[in-house]
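As structure tokens, the structure follows; a few thoughts come after it.
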């Protein structure tokens, strides 16, 4: 990426031109933009104001992203607004979502590539938990992007929460099939007082995510949501016969059913599966991967951007 200064930027400095839509969420779209003067591309998340039911959550996402900096976390450069939308201008990861690599692999991402991805993602989680004081709460393959040189980036902090020492959460959010057992128990008895959970829910979701990357399938599959929840509560894990022993141990540790026995990000980082890896991985080219094909512009999804109507929010 060209050097265009440190955020926060002013919109006028970017001279944005919209290229094409690249993603869609429940109440948002993501578009590829070019900052013409700098000659760099940005991913701009556009959130429809009319669909926002929890404004504080949007403000929290902005606040958290503006306050963190890690090589395995997507960078937020600036925010904007007009009468209809809020906009978050973020780092563009041209390698696409890791789910594309999982689907292309068929039988899973190769072990050495998987080790690097696991190290990078766990490094981001450890930074969030120990340095930034942030719980992500929605770790899954769909929120992992690849840069042009093959490095993994964690994105989508829309459900993230700031945490303080020894704080516990009781709010259920995130994607249910990545819920930790303590969240499932809370879901099944919402009237129960207490039943709190802490940052180790991110570790469970991390384990589920790495399992999917390794074997191209979810570890707790069932025909019904309740069946999935039952398997989560039992920690009903199955591994292929040819599975690497250190990988299996690593995943079993991350998906320990009892949250009190489940390792923290710092503890899991010392596991044998990651032996020999350190932060120098961020200075080297990432694992090889297949770049996604460029898609045709979706003309119906693109409105003319009125840049003059944007203000920082």
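Every residue gets a Cβ built from N, Cα and C, even glycine.
TrEMBL labels come from automatic prediction, so no person has curated them.
Annotation comment: TrEMBL describes 16-274 as domain 'Protein kinase'. What TrEMBL records for 45, 156 is ATP binding site. The annotation active site, proton acceptor is assigned in TrEMBL to 138. What TrEMBL lists as SUMO2 cross-link is 140. Positions annotated as region 'Disordered' by TrEMBL: 285-313. Summarising the annotation, TrEMBL assigns compositional bias 'Acidic residues' to 294-313.
Sequence-distant contacts of residue 140 (SUMO2 cross-link), defined as residues of its own chain at least six apart whose C-beta falls under 8 angstroms from its C-beta, comprise 175, 178, 205, 208, 209. Taking the domain 'Protein kinase' (16-274) as a whole, pLDDT averages 89 in the prediction.
The separation of residue 138 (active site, proton acceptor) from residue 45 (ATP binding site), Cα to Cα, is 17 Å.
Residue 138 (active site, proton acceptor) sits 8 Å from residue 156 (ATP binding site), taking the CA atoms of both as reference points. Annotation for residue 156 (ATP binding site): spatial neighbours 138, 143, criterion Cβ-Cβ under 8 Å with sequence separation of six or more.
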